[in-house]
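Sequence annotations record features per position, and here TrEMBL assigns transmembrane segment to 55-83, 122-142, 149-168, 174-197, 209-233, 239-259, 298-321, 341-358, 379-398, 404-425, 437-460, 472-491. Per TrEMBL, domain 'Major facilitator superfamily (MFS) profile' is recorded for 58-496. Look at TrEMBL and you will find 505-527 tagged as region 'Disordered'. Here TrEMBL flags 514-527 as compositional bias 'Basic and acidic residues'.
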Amino acid sequence: MGSPGRPHYPQPINIKRLADECPLRMLSCATVLRREATRASVLAAYRDNKIRVRYLFAIMLCVANMIIYGLKVNIAVSIIGMVKKKPGIPDWSDECPEFEVPEDAVTDIDGPFDWTTSQQGLVISIYFAGYLVGMFPSGYLADRFDTKAVLLGCVLANGILTTLVPIVAKQLSILYIVRFLTGFVSAANLPIVNVLLGTWVVYEEKSMWVGIIYAGTSLGTVISILTSGLILRYVGWEAIFYIHGTTPLIWCIVFYLFFAGCPEKQKFITEHERAFIVNSYGHRTPGSVKMKVPWKSIFTSVPFLALIATNTLGNFGWYFLLTQLPLYMNKILRYDITSNAAIVCTPYLVNAFVNPLIGRILDWGRKEGYWSQTIARKIAVFISSIPASIFLLIIAYIGCARVASTVLLTLSIVFCGAIFVGHLCNQNDLAPNYAGILMGITNTPGTISAFILPPIVGALVKEGHTMARWRIAFWITIIAQVLAFVIFSIFGSAKIQPWNYPPAEDENWEVDNEPQRQREQQQETKT
């Protein structure tokens, strides 16, 4: 805040936009000052509002992430009850003793389908093949078309396709198609959320609200894994898909009736809050959909190329733990299905609170001048890569230490969750006007790990689950994580790139945001 008697302007006024509103396409100094004074009064009135629509919108995005991620991971639990036991092939490591479990515990379920481990891995990973194929086109759609319609279609289609799984499961080839299509339509989720972040979240609150919005991925994982374990034990694997697949309808109805894709079109919002969001530094305007995509500048940008590499390698840890942890806990550590679900979901529940806290700390440090936005993102990438890699390395060599392995796996997931306030939101830092397209580009190779890890693990444990075979999978993940940190530390950035705006607007952008640019330079100097 400024000193008493001196007005505080968190963001500079956009002179170009005001000039466009003037019939003469010009503004006098007096007009600019009057507009600045008006905006100051708007901000003062805004602070008195108790209900802020952008917060409600962020919560809706959080719930959307919960839905998409919940539908993504339930197969990891349900498949335990879908497949038959293989006679003659051990289901657990013969290096580890049988851990004591309650007499009524369910460690394995003899399901109806005679699938090989490779086929089981493909049932899981084919989703990510569709996700990979759909990522770039969905990113383009997110940037070029109505954001509200794209997100609604993404959530609704995911729910419908999920309910089809029990119906088509008897025909493995058709199940592959349904799983592929589910991954394809869900690919729109992250790009569209990234676009909406640039539209609704103000600069001063970005890291905090990114943490809250992406906490939905952790909460969705928690709810999905926990409820899947309970439903599997007491009802059956089919009910998992029916129950989870129908719940998105409630969200779709609420989002359709009460929210718009941008604050400029939002009905249920005060003019005070609308002005505050629209005048925020780096705000993505509806007119950005008409801007020409600077493909050459994008693919010759060093920070963006570094982001592609970081996204590709940095997602290995998250996807390994997301897709393979239930299997490892069940086969190696021998947790029964209910306990497995409860233990696996615990770190994701912790993540839901830790990520917003990390985001808040990063915002605070940037605001106080302790570090720049670039350093904040690099801190997050470090948190998501190095500690988790150390924990996985220890797990790979402590064998059957059940309690220690469980604690370290929990910590690995908690630290890996920092990807959501690190490289997974860096697209919005570099170019908010092309956030969807950039997310589509970066997350296409970023999904490779989710696609290849299940078949790799399936091939490794084809002859039985042993610690030596699982150790190979751990090492693949560790190496990828460390490389991601090294690349982003050297080449990564969180500065808005010059190609974010058309050449005709570059000069105006620099003038309009000179105070912000000076603050960033001061922060870079301090750090």
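Positions of Cβ are set from backbone N, Cα and C atoms, glycine also.
Where the annotation comes from TrEMBL, it is an automatic prediction and has not been curated.
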Looking only at residues six or more beyond either end of the transmembrane segment (472-491), which have a C-beta under 8 A from one in the stretch?
302-303, 305-307, 309-310, 312-314, 316-317, 320, 324, 377-378, 381-382, 384-386, 388-389, 392-393, 395-396, 423, 449, 453, 456-457, 460
Per the Cβ under 8 Å criterion, with at least 6 residues separating them from its ends, the transmembrane segment (239-259) contacts 56-57, 60, 63-64, 67, 70-71, 74, 77-78, 148, 151-152, 155-156, 158-166, 224, 227-228, 231-232, 266, 268
Proximity verdict for the transmembrane segment (404-425) and the transmembrane segment (437-460), three or more C-beta pairs under 8 Å
no
Outside the transmembrane segment (341-358), six or more residues from its ends: residues with CB under 8 Å to it
77, 207-208, 211-212, 214-216, 218-219, 221-223, 225-226, 228-230, 325-326, 329, 335, 380, 383, 406, 409-414, 417-418, 420-421
Same chain, outside the transmembrane segment (55-83) by at least 6, Cβ under 8 Å from its Cβ: which residues?
108-109, 111-115, 120, 123-124, 127, 151, 154-155, 158-159, 162, 165, 169, 179, 182, 186, 189, 193, 196-197, 200-201, 209, 212-221, 223-225, 228-229, 232, 236-237, 240-241, 244-245, 247-248, 251, 254-255, 259, 322-323, 325-327, 330, 337, 340-341
One stretch in 122-142, 174-197, 298-321 has more Cβ pairs under 8 Å to the transmembrane segment (437-460) than the rest, namely 122-142
Taking a Cβ cut-off under 8 Å, which residues six or more beyond the ends of the transmembrane segment (122-142) line up next to it in the same chain?
72, 75-76, 79, 115, 150, 154, 172, 175-176, 179-188, 191-192, 194-195, 319, 323, 435-441, 443-444, 446-448, 450-455, 458
For the domain 'Major facilitator superfamily (MFS) profile' (58-496), report the average pLDDT of the model, please.
84
